[in-house]
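Novice: My questions will all concern the structure given below.
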Amino acid sequence: MPDKAEVFFDEGVLDFADVDEIVLDVGEEALAEALAHRHRRMIVFQGDEGKAEAAGVVTAGAADVLFDVRDRPISVLYVTDSLKEDTYARERYEEFRRVLEGFAEEANFEYELEALTFSGSKRALGTTWDLMVIDLSYDLDPDAIGRLVETVRGGGLVIFQTPPFDRWRNMWTAFHKSLVTPPYTLDHVGKRFNRRFIRKLKEHDGVWIVDTDEWTAEPEPSEDVDLEVEVKRRERPDLDPPDDAVLPEELYRMCATEDQFRALIRFEELLESNGKTALILTADRGRGKSALLGIAVAGAGVTTDVYDVVVTASEPENVAVLFEFLLEALRELGVEYDVERDDKGNIVYVETDDFVVEYERPSEASEIECDLMVVDEAASIHVPILERILDNNDKVVYSSTIHGYEGAGRGFSVRFLQNVRKRRDVRLIEFKMHEPIRYDSDDPIERWLFDTLLLDAEPADLDKEDLECVKEMRVEFEKPDLRYWFEDPEGEEELRQFIGIYVMAHYRNRPSDVMVLADAPHHEAYALKTETGKIVTALQVAREGTIPRDVITKMRRGYRPPGNVIPDLMVQHHDALDFPRMKGLRIVRIATHPDIMRHGLGSRALKELAKIAKKKDYDWIGTGFGANEELTRFWLRNGFVPVHISPNRNPVSGEYSVAVIRPISEEAEEIINRANFEFRIKLADWLGETHRDLEPEVARLLFEPMSSLRYRPTLTEGQLRRLKKYADMVHTYEIAADAVRELAKAYFLDTEDRPELSEEEELLLITKCLQRWKWADVADVLGEEVPDLMRSLRDLVGLLYEEYKEDLQRSAAVEGIRKAVERLADKGLTGTVIVEVEEGEPKEVIIRREERLEL
């Protein structure tokens, strides 16, 4: 391949398109810079006419040059909102393809063209392209842009087609239309994200903007640009493996950068270590972490005694690159293998004669013991799962993206690594990869991408004065002006502080979250700021409710109005048809600066939000969260009432989702308290079925009474006799378990005059009686011996029996009467029923004038 290139676009390409020569000038200059620095460059064609042909001209001219430079077919990816026939998007694609195909045939260069829609953009993950064209004429999908732009290699071009900027600033995209929720219309949707996106295109180096209606360019092409350039190429590391290397030399030669080479050495340290060891690999996107892991896993399986390897990530698609390089490494080593794929075509299982590699979802992986556990994109997995994985395995690799659309690696570092570093039983090996694989460092298009999508947003740096403000609670609760944040360059710093807190928090962040905040008509932001002006707590809330009656009628039949999570839940699970017409706020996200957690700032923010809600005549504030003990305690402490728990654990977080609501109005309070009581009744039953694995501490908190309600236990005469005999040490627990369970339910559902039990006693009732755990499992959780727990439970039952004795006898009496009447009715007898009761129990039932039946 030549070391020099003459970046001249053959003017013959203009025969296939009606565009101005300025398109050639811009294309040549952009490609020359890209090749000289092994960076990417971007060209934006904005206008109504000619942009598809202009994109075709630059792509064709660049592909002609690159075919000589690369000495292989040039890969081109075209992405748009739709490829359906008879759409404007398809029409633009065909115009683009006509230019590219026509000139390729004339100039005799080879290329490979693939077209995707934004909805299918995940297919581009792990791929690499020489040239990319993204049609933004109708839609602006931030998540897709985050995935796609990074896949273009150094020396290549990213080309955007957009509407005229003047119109685009005020235009609704397809994404915007998805933000419309009742009672709002499209007219209520903002365009702040569009305007910031345009501003960022103008601010950054390496970006040319061509107006295809006026045929002008900004910046203008330089007249003295040198189009004969030295082509900068990626140099593989000229390094020798360690003399005592465990992994084969062939695998070290596969490393594309020195960082990958060094990371492989650190992986060997993990393999040779004794005891519990964790290797932490962190990097920005596109640094080759996943590829390196695939190479490393192949080496571990072939050359060590590692047999079973488990790979986990939030989705199977996230480990596609890992499996791709695993197979490539096996081929390099001459190892035969078999592959299994899921129904979407993702590799999920690889087997060789020496070892197996299997993909598992995070919640399932956290319960597995294996020789080697690999966690890819750990940032998107909740910390409790990451910790359980380490608890169960001696050799674990955690790979995490620092800046990226899947999650926040720095949040992973802050929360997870802080905990791991405190553990004396874990050896920690850390390595950060800096060198990009596809392009060289300091790439201007990467800087544009990170800035535009706020992938590198960080919380404010807090100095001594800021910390003093927090300590003394000298903070103000503010509702920021989103227009100022997104449209005024001076608002950029506060926006970055706000989003940066979420990046550090437990939320999985995507670029589309920023667009929702910017433009969704029902979303708004609140911030807790120090007197010094630093944002320390960030809240994003969604206005819900005030749903029209005709929509509520549809909801009864299963219709789920978009953007109304809490009202929908209350109708579907509690048949609360008055609730959707009420006005509420759903907390979408709340997070506090990681340096000042547990200072009461989150609670202060919720208190201030409740004041605003009351002042503005809202009826309720609600939210949903992954239920662990700490978060559940936080929400309940702040006056939120649980009304629902999901039937299944989230496959990524491994937690059940709980919905809680804080009533503001009296009308809402009545509905919410009733829903809470019904929820607790259902939870008492679910704990023995769908939620047997719910953390007992969480269950205990969810049972906390939120209002004064009376629950009367119900037992038959037979159950009551067995319960007595169990309390009197005649029966074992198993004989009376059904009756004891009803007694435990009575304790957790009753809120009037119930006895005070300790936390340990309540956990015993939950685990043994409601969740029906084995005695050994209860003992493991409570840290007690089984015989001691047996005695404690019998004593508890005796105490509760005395407390609910009258209710239990009354229920047995009623049950006895019902059965007696049924027996008489079966005989066809009629008359007046007379019940004689002694000490709360029925002694006989009389049918006056006809027959007497002894009980």
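Here the Cβ of each residue, glycine as well, is placed from N, Cα and C on the backbone.
Note that the structure is a prediction, hence the values are computed from the model and not measured.
Pulled the feature table from Swiss-Prot, pasting it below:
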BINDING   Gln260, Gly286, Arg287, Gly288, Lys289, Ser290, Ala291, Leu292, Leu293, Gly294, Ile295, Arg438  ATP binding site
BINDING   Ile590, Ala591, Thr592, Met597, Arg598, His599, Gly600, Leu601, Gly602, Ser603, Glu630, Arg637  acetyl-CoA binding site
DOMAIN    480-663  domain 'N-acetyltransferase'
Novice: Just checking a number: largest C-alpha distance across Gln260, Gly286, Arg287, Gly288, Lys289, Ser290, Ala291, Leu292, Leu293, Gly294, Ile295, Arg438 for the ATP site, rounded to a whole Å.
Specialist: 18
Novice: Among Ile590, Ala591, Thr592, Met597, Arg598, His599, Gly600, Leu601, Gly602, Ser603, Glu630, Arg637, listed as contacts of acetyl-CoA, what is the widest Cα spread in Å, to the nearest whole number?
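Specialist: The two farthest binding residues have Cα atoms 17 Å apart.
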Novice: Mean pLDDT for the domain 'N-acetyltransferase' (480-663), rounded to an integer?
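Specialist: The predicted confidence over the domain 'N-acetyltransferase' (480-663), as a mean pLDDT, is 95.
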Novice: 10 Å Cβ neighbour count around Ala291 (ATP binding site)?
Specialist: 22
Novice: Taking DSSP three-state, what's Arg598 (acetyl-CoA binding site) in: helix, strand or coil?
Specialist: coil
Novice: Of all the binding-site residues given, namely Gln260, Arg287, Leu293, Ile295, which is spatially nearest to Ile590 (acetyl-CoA binding site) at the Cα level?
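Specialist: When the Cα distances are compared, Arg287 comes out closest.
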Novice: Quick check: in three-state DSSP terms, what is Lys289 (ATP binding site)?
Specialist: helix
Novice: I need the nearest neighbour of Gly602 (acetyl-CoA binding site) among the binding-site residues Lys289, Ala291, Leu293, using C-alpha distances.
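Specialist: Among Lys289, Ala291, Leu293, Lys289.
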Novice: According to DSSP, which of helix, strand or coil covers Ile590 (acetyl-CoA binding site)?
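Specialist: Assignment for Ile590 (acetyl-CoA binding site) reads strand.
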Novice: Please report how many Å separate the Cα atom of Arg598 (acetyl-CoA binding site) from that of Lys289 (ATP binding site), as a whole number.
Specialist: 34
Novice: Please report the distance from the Cα of Gly600 (acetyl-CoA binding site) to the Cα of Lys289 (ATP binding site), rounded to the nearest angstrom.
Specialist: 38
Novice: Tally every other Cβ atom lying within 10 Å of the Cβ atom of Glu630 (acetyl-CoA binding site).
Specialist: 11
Novice: Of the binding-site residues listed here (Lys289, Leu293, Ile295), which is spatially closest to Thr592 (acetyl-CoA binding site) when Cα positions are compared?
Specialist: Lys289
Novice: If H, G and I count as helix, E and B as strand, and all else as coil, what does DSSP give for Glu630 (acetyl-CoA binding site)?
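Specialist: The three-state answer is helix.
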Novice: Please state whether DSSP places Ile295 (ATP binding site) in a helix, a strand or coil.
Specialist: helix
Novice: Specify the count of other C-beta atoms within 10 Å of the C-beta of Gly600 (acetyl-CoA binding site).
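Specialist: Counting Cβ neighbours of Gly600 (acetyl-CoA binding site) within 10 Å gives 12.
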